[in-house]
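Undergrad: Below, the features straight out of TrEMBL:
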TRANSMEM  48-74  transmembrane segment
TRANSMEM  80-100  transmembrane segment
TRANSMEM  120-137  transmembrane segment
TRANSMEM  149-168  transmembrane segment
TRANSMEM  175-193  transmembrane segment
TRANSMEM  199-216  transmembrane segment
TRANSMEM  228-246  transmembrane segment
TRANSMEM  252-270  transmembrane segment
Amino acid sequence: MVCAQVETSPRRCWQKVLYERQPFPDNYVDQRFLEELRKNIHARQYQYWAVVFESGAVVQQLCSVCVFVVTWWYMDAGVLSPQGLFGAALASSLLGYVLFDAIDAGVGRRESGRTRWADLKSTLVFIAFTYGFSPVLKTLTESISTDTIYAMSVFMLLGHLIFFDYGANAAIVSSTLSLNMAIFASVCLASRLPRSLHAFVMVTFAMQIFALWPMLQKKLKARTPRCYVAVTMLFALAALAGLASVSSVGAVLFASLLLSISCLCPYCLIRLQQLKDNIHGPWDEAEIKEDLSRFLT
């Protein structure tokens with residue numbers, strides 16, 4: 001928009017109308033044009049520690065992927081037996097199941113109408129189905145090279161992290177796609193383990209850490225924020241300790257990544273938010289504020 005100097009009759013004032021002939025150029029505006037200028041009317045003000053708290057969801061999921069990969073490495077190297085992993089996973093699942101109901105005193109279960117017997121049946125069906133098909137899972141990718149399997153697993157886990165529901169209302173979020181990609185990666189990696197029992201335990205563990213663990217974390221975050229922060233820190237330390245036993249360099253890089261996401265990125269967001277300069281004024285597109293739902297019925 002430009003302001004033009006035009007000699008006009010004092011009796012004729014410029015009007016912001018489209019279908020009326022006026023003695024002004026098409027790009028003319030008067031001095032009132034910038035009076036309606038508004039800046040950052042929809043900008044959100046963030047607090048640093050609030051952003052750090054919200055970044056815990058990203059840290060949790062990164063640590064889940066790290067724990068899963070380290071556990072697979074232990075089983076592939078023969079350090080961890082499938083019986084030991086299954087027993088530890090079963091005990092932790094029972095503990096998490098009790099905590100899931102104890103956090104809200106069973107209010108969520110009563111609202112959903114789901115019984116413990118239904119949960120037990122679903123668990124038994126899943127275990128029986130996975131155990132029965134574990135020989136198929138073990139031999140499913142025998143014709144595919146190991147390098148290709150590792151590359152597919154990396155891309156699937158990255159996709160899992162990208163599409164995971166971190167609480168943002170965005171089109172890219174897809175919990176179903178994220179979980180399917182994680183399970184696909186676990187099947188690919190499980191096919192490279194020594195026996196069918198290893199594949200069964202690995203897929204079961206993947207379902208626990210990628211499907212059940214985030215559900216517990218979301219409830220902790222909503223009901224007991226302090227416990228959520230403590231669990232996040234302990235989980236991150238456990239993931240770092242497991243990764244350090246495999247690669248000290250990898251543990252240092254992973255710790256740097258977690259610190260960047262939880263501390264540096266929120267700081268950068270706060271700093272960049274101060275530089276935000278969105279302008280709004282009479283040049284914006286028209287918005288229909290009238291309720292038009294009556295025309296749709």
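Placement of Cβ uses the backbone N, Cα and C atoms for every residue, glycine included.
Given the structure is predicted, the values throughout are model-derived calculations rather than measurements.
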Undergrad: Taking contact to mean 3 or more CB pairs closer than 8 A (sequence separation of 6 or more), are the transmembrane segment (149-168) and the transmembrane segment (80-100) in contact?
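TA: No; fewer than 3 Cβ pairs under 8 Å.
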Undergrad: State, in range form, which of 48-74, 80-100, 175-193, 199-216, 228-246 has the highest count of Cβ pairs under 8 Å to the transmembrane segment (252-270).
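TA: Comparing 48-74, 80-100, 175-193, 199-216, 228-246 against the transmembrane segment (252-270), the winner is 48-74.
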Undergrad: Would you mind listing the long-range same-chain contacts of the transmembrane segment (228-246), meaning Cβ under 8 Å and 6+ residues beyond its ends?
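TA: The answer is 53, 56, 59-60, 62-63, 66-67, 70-71, 73, 217, 220-221, 254-255, 258.
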Undergrad: Could you tell me what the rest of the chain brings near the transmembrane segment (199-216), counting residues at least six beyond its ends with Cβ under 8 Å?
TA: 60-61, 64, 67-68, 71-72, 75, 82, 85-86, 89, 92-93, 96, 99-100, 126-127, 130-131, 134, 137-138, 160, 164, 179, 182-183, 185-187, 189-191, 193
